[in-house]
Each structure stands twice: as structure tokens, then as C-alpha cells.
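K.L.:
Feature table excerpt (Swiss-Prot):
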| type | residues | note |
| --- | --- | --- |
| DOMAIN | 34-198 | domain 'FAD-binding PCMH-type' |
| ACT_SITE | 177 | active site |
| ACT_SITE | 227 | active site, proton donor |
| ACT_SITE | 297 | active site |
């Protein structure tokens with residue numbers, strides 16, 4: 001899609017011109033370092049700007065995609081048509097009573113660290129999750145026995161019509177690595193986490209232990225999308241992949257990690273196509289060997305490259 005001067009001018013009036021980028025490479029904004037170009041990449045600085053961008057996209061019938069920190073996401077090599085919005089400039093975190101409130105663009109790691117600084121327990125599990133707060137709600141992110149569902153009290157969202165609503169955690173239908181946010185078309189603006197007062201040294205001890213486990217077991221030296229597959233009932237995805245002798249398997253620059261079989265790393269300037277093909281190869285091999293269908297935890301969006 002060629003971006004018209006009219007659309008560019010309209011978006012530049014909503015936010016500053018420096019926040020509107022045409023033909024922006026999405027790989028520069030994802031943890032996997034994969035993905036083609038966004039027709040328009042925009043980073044609003046207020047909730048009202050978010051509303052106005054959505055309303056403009058609806059009025060002009062322009063496709064619209066929300067992008068978080070890109071930590072659990074693969075964007076195809078053909079990129080994304082229309083408007084891609086990132087809330088990285090809405091990243092404030094603060095305390096109110098025994099609650100931590102964080103804007104969507106803040107990293108969930110930083111929300112966890114703020115809770116530690118305020119001697120509030122409950123977000124320790126998130127100390128190693130690299131995604132944004134909005135992305136964490138989108139997929140009910142979790143690790144080491146904890147998940148967003150355990151601590152989320154409420155959230156402020158923008159609807160696909162551009163209206164602001166406050167929702168309780170129950171209204172998001174949070175479940176294992178899922179929510180109703182994508183189906184409803186909500187855009188998360190901020191989240192309120194209900195925590196408990198605790199001794200900061202005890203909180204730090206838990207976080208240090210989880211950080212050690214993460215750093216010792218995960219291939220953090222290479223770009224990746226984190227855990228690729230959901231945990232199948234009765235199994236562990238990483239163990240199935242390991243027992244299928246897939247560790248070290250490569251397609252192009254993508255490789256099944258030798259350190260943690262549940263990770264696929266971008267070891268040598270992989271394309272999104274190579275990365276996705278390796279995911280499919282792993283799924284096919286595990287299915288044939290064990291009869292287990294591995295379901296992706298990572299989202300894949302965008303268009304295939306033009307041949």
C-alpha cells in the first residue's frame with residue numbers, strides 16, 4: 001500500500017511528524033530481528049492520540065495493526081500493510097496504595113522492578129519477561145508458576161471504534177497464554193496490578209533466583225521470540241523437541257537452540273520465512289514421532305514476500 005500525502009498529513013496532525021515513519025523496517029522493533037516494512041509506523045504520545053489514530057484508520061478504511069515490544073511475535077518478510085502503531089512512548093509506571101499501575105508501552109520487567117522498589121510482592125514471575133505491559137495482557141504472559149491473571153485487577157483499553165473503557169481482569173477472559181483482547185480488538189492503554197506488601201529483600205531473593213534460572217537455561221545471546229510453543233497437556237514442548245533430536249537443526253539462519261530446545265534463535269541473519277519454516281518442521285517432526293501437535297505460543301502476522 002502506497003501511503004498517500006493525505007494520510008501522512010492527517011497522522012502528522014494527530015501526533016508530531018517525527019512520530020510518523022513511512023516504510024519502516026519492523027525487524028528494527030522486534031526481538032527476533034525479523035520482518036519486512038510497515039507502510040506507516042506511528043508512536044503516539046497520549047491516549048487521545050491513540051483514539052484519534054484509530055478513528056482516522058476507520059474513517060479512511062486503512063488496515064490497522066498494534067505492535068508491542070515484539071518479543072513474542074514474528075512479522076513476515078512481506079511486512080504489514082496500513083498503519084502499525086507502537087505505544088513505546090506511553091511507558092510510565094507508578095504506585096497507588098498497594099497497586100502498581102503501568103502504561104501499555106512499559107516493559108513488564110520494569111513493572112516488576114518498580115514493585116520490588118516499592119516492597120510490593122506478586123510480580124516477581126515477570127522479572128525476566130521481555131515484553132510490554134500491553135503484550136503481557138494480550139497473551140496472559142507468565143513464567144515460573146505465575147501469570148498476569150494472578151495479579152491483574154483492571155485495565156484501561158481503547159475499543160476498535162476508538163472509545164476508552166475500563167475493564168476488570170475477569171472481563172478479559174484470561175487463560176493459559178490467551179485473552180479476548182485480540183478478538184475484541186482492544187488496545188491496552190494501562191494496567192493496574194493488585195499486589196501485597198512484603199519485605200523487599202525477600203522479593204529480591206525470589207527475583208534473583210528466577211533471573212539465574214532464566215540466564216542459565218535460555219539462549220539469551222541470540223535474538224529469539226522466547227518460548228515458541230505452548231505447553232501441551234501432559235508434556236513439555238522442549239522435552240519433546242529434544243527427544244526428537246532437533247536441537248541444532250537449522251534452516252537458513254534460524255536454529256533450534258542447543259541450549260534450550262523450546263527456543264528457536266536467529267543465529268545468522270535469518271529471514272522470517274526461514275524462521276517460520278523451521279517452526280513448521282519442528283511441529284511436523286514432533287507430530288510424526290510422538291503424535292503430539294505443538295501449538296504456537298508466538299504470533300505470526302504480516303504478509304508473505306512477493307516472489
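Glycine is treated like the rest: Cβ placed from N, Cα and C.
In terms of burial and nearby residues, how do these features look in this structure?
P.N.:
Model confidence over the domain 'FAD-binding PCMH-type' (34-198) is summarised by a mean pLDDT of 97.
A coil conformation is recorded for residue 177 (active site) in the three-state DSSP classification, outside any helix or strand.
For the recorded site, residue 227 (active site, proton donor), the DSSP three-state label reads strand. When other Cβ atoms within 10 Å of the Cβ of residue 227 (active site, proton donor) are tallied across all protein chains shown, the result is 20.
Secondary structure at residue 297 (active site), taken from DSSP and collapsed to helix, strand or coil, is coil. Residue 297 (active site) has a Cβ environment of 20 other Cβ atoms inside 10 Å.
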K.L.:
Only counting partners 6 or more residues apart, tell me which same-chain residues put their Cβ under 8 Å from the Cβ of residue 177 (active site).
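P.N.:
In sequence order, 139, 140, 141, 142, 230, 297 meet the Cβ cut-off.
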